[in-house]
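Record features, source Swiss-Prot:
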{"type": "BINDING", "residues": "W14, R33, K111, A144, R259, V283, E285", "note": "NADPH binding site"}
{"type": "BINDING", "residues": "K111, G140, S142, K195, D248, S258, R259, N260", "note": "sn-glycerol 3-phosphate binding site"}
{"type": "ACT_SITE", "residues": "K195", "note": "active site, proton acceptor"}
Amino acid sequence: MPAMKVAVLGAGAWGTALAGHLAVRHDTVLWARQPALIADLRASHENARYLAGVALPPALRYETDLNAALDHALADNALCVVATPVAGLRGLFRAMRDAGKVPAHVVWLCKGFEADSQLMPHQVVAAELPEHGSNGVLSGPSFAREVGQGLPVALTIASASAACRERTVAAFHHGAMRIYTGDDVVGVEVGGAVKNVLAIATGIADGLGLGLNARAALITRGLAEMSRLGVTLGGRAETFTGLTGLGDLILTATGDLSRNRTVGLQLAAGRTLDDILGGLGHVAEGVRCAQAVLAIARAHAIEMPITQAVCAVLFDGVAPRDAVSALLRRDSKAE
């Protein structure tokens, strides 16, 4: 496929890194609502706030006007990439609808559940754009900084639309980035949400010095929690042993570039959640969606003790070591 027109909506670390990758091959525009951020990007071709030290391609263009960015994605050979957190997803799709500028092919990158509604991202999109069919989620084990540096990465595009899958592969599958395809949107989104919560748990355990045995147990039993929830919600079991399940969980739980793991490490060190989030400078989706994950699990009578322990530490004032002790006191059971 020839060069495409791509609009990336959201200039955080992940949106910036992917826009840089796309601009190597395609006519790419990166949109953000903050004029000062866009001015800095135009002047330096570096996102000093969210991805400092990563040089962006000279061909990448920047835009603060959402309508102009959407116009770019309305071309025949175009793709719209939504790189906002879950909290901003509904508002952005509503703005597309209200402006009458809905791109034909849209993929989103966010991981989590909408806090108030407890909806998955694809459900939020369907609520705002019920007639839109060529859309999906791009996910997998990936740190923005490594992608920005051109290091190898493998991601999955999950969509019910073959056209969306093909368009996404055509846009992203080049250089050091490999794209796999599938249609299990539910499984991919559940994996992306739950792994962030589990990464907080692993960070707590590592911060308490509980050792590699404990880390392996948390990852493995956490994967079981993820799979139970995902299959109940309509995902396929095999999705959770793939890139967007086990792969993303391993990366986020063990990699020190992980914001969610960092939250766990710092909670174990005795810092308060407000203090941690204030100094993080980026969104930690595991904190935002932990309560939604637990509420959904309880509504379906699904046992998720690790997720419950994370929520107890985050929101109920339970000390990290006490939460671990409560997990260890649980009765033995069949694996």
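For all residues, glycine too, the Cβ spot is worked out from N, Cα and C.
Taking the features listed in Swiss-Prot, we show where each one sits on the structure.
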| residue | record | Cβ within 10 Å |
| --- | --- | --- |
| W14 | NADPH binding site | 27 |
| R33 | NADPH binding site | 15 |
| K111 | NADPH binding site | 28 |
| G140 | sn-glycerol 3-phosphate binding site | 24 |
| A144 | NADPH binding site | 22 |
| K195 | sn-glycerol 3-phosphate binding site | 32 |
| D248 | sn-glycerol 3-phosphate binding site | 26 |
| R259 | NADPH binding site | 23 |
| N260 | sn-glycerol 3-phosphate binding site | 26 |
| E285 | NADPH binding site | 24 |
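Using a 10 Å Cα-Cα cut-off from N260 (sn-glycerol 3-phosphate binding site), the binding-site residues that qualify among W14, R33, K111, A144, E285 are E285. Around S142 (sn-glycerol 3-phosphate binding site), the same-chain residues six or more apart in sequence whose CB sits under 8 Å from its CB are W14, V153, L155, D248, L251, listed in sequence order.
Neighbours of K195 (sn-glycerol 3-phosphate binding site) among the binding-site residues R33, A144, R259, defined as a Cα within 10 Å of its Cα, are absent: none qualifies. Here the candidates are the binding-site residues R33, K111, R259, E285. The one whose C-alpha lies nearest to that of G140 (sn-glycerol 3-phosphate binding site) is K111. A Cα-Cα distance of 11 Å separates E285 (NADPH binding site) from S258 (sn-glycerol 3-phosphate binding site). The Cβ of S258 (sn-glycerol 3-phosphate binding site) has 23 neighbouring Cβ atoms from other residues within 10 Å, across all protein chains displayed. In three-state terms derived from DSSP, D248 (sn-glycerol 3-phosphate binding site) belongs to a helical segment. For S258 (sn-glycerol 3-phosphate binding site), the nearest of the binding-site residues by C-alpha distance turns out to be A144; the candidates were R33, K111, A144.
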